[in-house]
Amino acid sequence: MVTQTELEEKSRKGGLKTMPFIIVNESFEKVASFGLQPNMIIYLMTFYKMSAATGTSILGIWTALSNGLAIVGAFVADSYLGRFRVVAIGSVSTLIGMIILWLTAMVPQLTSSPCSQLQHVCNGPTAVQLAILFSSFGFMSLGAGFIRPCSIIFGADQLEEKEKPENQRLTDSYFNWYYASIGISTIFAVTIIISIQDHYGWQVGFGIPVILMFLSVSMFLIGSPFYIKVKAKESLFIGLVKAVVVAFRKRFANIPLIDFDDCYHQPHESEILAPSNDFRCLNRACMTQDPQRDLNPDGSASNPWSVCSVEQVESLKALLRVLPIWSTGIVIFVMTRQFPFSVLQTKTMDRHIFPQFEVPAASFSVFMMIALTIWIIFYDRVLVPLLLKYTGQPRGLSPVFRMGLGIIVSCVSMALSAITESIRQQRAIEEGHEDDPSALVNMSAMWLVPQYALLGVAEAAYSVGQIEFFYSLLPKSMSSIASAMSTTGTAVSCLAASILMSGVDWLSSTGGKTSWLSSNINKGHLDYYFWLLTFLSLLNFFYFLAICRFYDGSSRLSHEAEEKQCDYRLLPES
């Protein structure tokens, strides 16, 4: 690990040399990870005799766990091991999980026995077989939780230099290209990898992601001598917990109306003399009521659980400041959880692009990834230079503006989904397919492409804007947490989407009525469900505007994000 002084001495040229290496390495990992997911439900139903509902529930828990563990990975990286070690551990853990999953396809004894034609009841998997399967999911979830919050910030570390403000534009461009690489990797995974699984079987279909993941781990470790490795700040998580506990213990203490520097605990290396005025109730945590009792002769706290440093309090405040903005992402990520319903729609429609070529129903999400990638490239290579030329803004649209744009576009996408489904269902009924959900409707599946494309643009605009916003406003020592908050939002959205779907299914089926989310989408009302999501997205936009007003207007918020002039950005870096 290098010291902060050594880090600042690293040249911009050295950081740029590592950028392509890091992005290519992460692309391998994304192709390997995403290539396993789309067809996994078919694998569980075929080899483990699971019902569609059971398999979907297990995969939903796996997704939520993979994203939820990101907050653990971020705290471990920022507080103890550093981002390089955490990404390395996560990569190896993911590789182990993929190898175990590959073995379940290679070794017949690790899956359920195939059913013969004379069997009416098939034997399900044994406890040992399920344990091996779930262990593979566990290793991959741990790996994803360690990689996702740290890999993007680890790349940004290569360009971070205080003495070169022009590197900020390089960092912004890096964020855009990182997400573009994810889009390209996902496109490759849901087309090529799925096609290989369908045509050559699971042994080859799982083996190729294992090989790609092995190459990713090897490249990452081989490049170790060339990376800038930011040293972790000790016990960041404990510091946040201390600030909450101490503030609660001193809840009855009086806060001085006028702040004096000597009222607060400031270690010698501190760059902040007094806490900020917002969330003033937390200022009690760093108040020194009796300096002789609370502090040692060297200025350190005699009891860390009786008084905190100003930095610890400001770190907690920084986290609280971004939580409202973070919460606006839950609804937009719920939109992307509706892919299974879109697959049901696609299966009933004509999927031919050319007479000899039919797009697989599970591969239609590729249009979302294509739109996401095109938007990011267009924004970074075309729109930002134009805005720089005519407005003088080197960073283009502010992160807050892009997040708002993403919410509005997602709302339009859901409205378009509702209209398209209404037309599709009406045609199915007119053609006499009301009782046959598998019958093909005389309607092209290309009708679904615009809603996929808009959802891709919405995710690109919101996700990149959100991570830039977090990265700009949180202290450098919490930058992995900035990335983890976005990933954790995806985990929360998985649970929220599950609760929403269960609630809608129950409420709409009361009194013996057909559920909106019936398996027979020709009898259900999937269009009503999409209109409900449209309404929730519109409410989310108004909530977003209220949050911006809470921050004294979106213009001030954007200025802070761009100029980094807020107090808590001045915290010491790790």
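Each residue, glycine too, has its Cβ placed from N, Cα and C.
TrEMBL labels come from automatic prediction, so no person has curated them.
The transmembrane segment feature in TrEMBL is assigned to 58-77 (among others). Cβ atoms under 8 Å from those of the transmembrane segment (58-77) belong to residues 37, 40-41, 44, 50, 83, 85-87, 90, 137, 140-142, 144-150, 232, 236-237, 480-481, 483-485, 487-488, 490-491, 494-495, 498 of the same chain, restricted to positions at least 6 beyond its ends.
Counting residues 6+ beyond its ends, the transmembrane segment (84-107) has Cβ neighbours under 8 Å at 29, 32-33, 36, 43, 47, 73, 76-77, 129, 132-133, 135-147, 150-151, 154, 201-203, 205-207, 209-210, 213-214, 216-217, 220-221, 224, 227, 229, 480 in the same chain. Annotation comment: TrEMBL describes 84-107 (among others) as transmembrane segment.
As annotated by TrEMBL, transmembrane segment applies to 127-156 (among others).
Marked as transmembrane segment by TrEMBL: 177-196 (among others).
Here TrEMBL flags 202-228 (among others) as transmembrane segment.
Beyond its flanks by at least six residues, the transmembrane segment (359-379) meets 38-39, 176-177, 179-180, 183-184, 186-187, 190-191, 194-195, 198, 336, 339, 342-343, 346-347, 351-353, 396-397, 445, 448-449, 452-457, 459-461, 464 of its own chain at Cβ-Cβ distances under 8 Å. Residues or ranges marked as transmembrane segment in TrEMBL: 359-379 (among others).
Residues or ranges marked as transmembrane segment in TrEMBL: 400-419 (among others). Outside the transmembrane segment (400-419), and at least 6 residues removed from its termini, the chain residues within Cβ reach (under 8 Å) are 325, 328-329, 331-332, 335, 338, 342, 450-451, 454-455, 457-466, 469, 527-528, 530-531, 533-534, 537-538, 540-541, 544-545, 548, 554, 557-558, 561.
Residues or ranges marked as transmembrane segment by TrEMBL: 486-508 (among others).
Per TrEMBL, transmembrane segment is recorded for 528-548 (among others).
Cβ atoms under 8 Å from those of the transmembrane segment (486-508) belong to residues 60, 63-68, 70-71, 148-149, 326, 329-331, 333-334, 336-338, 463, 466-467, 470, 514-517, 525, 528-529, 532 of the same chain, restricted to positions at least 6 beyond its ends.
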